[in-house]
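A.B. asks: According to TrEMBL, the record shows the following:
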TRANSMEM  29-49  transmembrane segment
DOMAIN    33-285  domain 'Sugar phosphate transporter'
TRANSMEM  61-81  transmembrane segment
TRANSMEM  101-122  transmembrane segment
TRANSMEM  152-170  transmembrane segment
TRANSMEM  177-196  transmembrane segment
TRANSMEM  211-230  transmembrane segment
TRANSMEM  242-260  transmembrane segment
Amino acid sequence: MPWPPLASFFSPCLRRSDMEDSLLCNWGAFRAILAILQWWAFNVTVIIMNKWIFQNLDFKFPLTVSCIHFICSAIGAYIAIKFLKIKPLIEVDPEDRWKRIFPMSFVFCINIVLGNVSLRYIPVSFMQTIKSFTPATTVILQWLIWGKYFEWRIWTSLIPIVGGILLTSVTELSFNVAGFCAAMFGCLATSTKTILAESLLHGYKFDSINTVYYMTPFATMILALPAMLLEGSGVINWLHTYPSISSAIIIILTSGMLAFCLNFSIFYVIHSTTAVTFNIAGNLKPHHHPRLKKFVLGPAFTRLTSPSSHPQVAVAVLISWLIFRNPISAMNAAGCAVTLSGCTFYGYVRHKLSQQQPPGTPQSPRTPRSIIGMLPLINDKQDKA
């Protein structure tokens, strides 16, 4: 009687292994979707809450709101690293804290403040559309100041973004010069921070929690005095005149805690998705690694750095309109749609160009490089507990 094939003895194991791989794959996909959805939810919630604070609570003090967010995030990061041990502390030389972290914190602080100032004066829909202009400002700054070369396809992909922004601005029914300028300068601050991150933070492997841990104390120190001088008397007057002070303070502090939760959700997304998935979900830069375990964020707050992912922007615009009912004309909606479509097209072009050049290929000043390559903050320094 002939012996059965050897594979037949192992076929149950093979089938079991395939089933286990399938289950793991399905769980991984579900976890990734859940992580991205919670990231979007925190991002949209923080934006809507800030607008609610400025408009419905009549707390029109963007510097103070930003300072509260910094303090809450600093406390949250300290607890997450020192007590909960969620992530090991990355040791930074004292000299580097002032020469590298402090300048980044300054730009980070300006970026936060400008974002909140724009929310103070213009609708969420208009502010989010303008923030989508960040890819264009980043490319232009690299070209003008650093002499970087970009392929014609990158420049072409920016045309619908610029055109959409112009159409949205011209047709915005709630247009405000101060809010518009704050949002535009916020784009410049975002681009500057993205570009400077490569040189200033070179050699340190930062994650989102460590980024918040180091930057928010400096940002609080930078902003505290201007907030007290410019808004202190107004805040004191608001405390004495606002009718429901207890509930209002709870809402303001909750927005600060959610700002930290937003950063923690980034950390969770990083450990739950692949590089391709996260690039589709948002415009952050993974290093050349099959998983995002060694991922570096230029931003500490996603909402404050690169533009948010396009479905998320659309959700924020829709929810803000449902809550605040700011008037939106048909042409204004068309401008917003053109801008978001342009951002999607830009991301597609950037992705195709990145596939054409193998990872690790050295780049000369004349070698085309996309914005996604501007944050190689990961180097050889290891995490230290």
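Just so you know, glycine gets a Cβ as well, placed from its N, Cα and C.
What you are looking at is a predicted structure, and each value in this text was computed from that prediction instead of being measured.
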A.B. asks: For the domain 'Sugar phosphate transporter' (33-285), what is the mean per-residue pLDDT, to the nearest integer?
C.D. replies: 87
A.B. asks: State the residues, same chain only, that lie 6 or more residues beyond the ends of the transmembrane segment (211-230) and have a CB under 8 A from a CB inside it; answer 'none' if no residue qualifies.
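C.D. replies: 61, 63-64, 66-67, 70-71, 73-74, 76-78, 81, 89, 92, 97, 101-102, 104-106, 108-109, 112-113, 260, 263, 297, 299-301.
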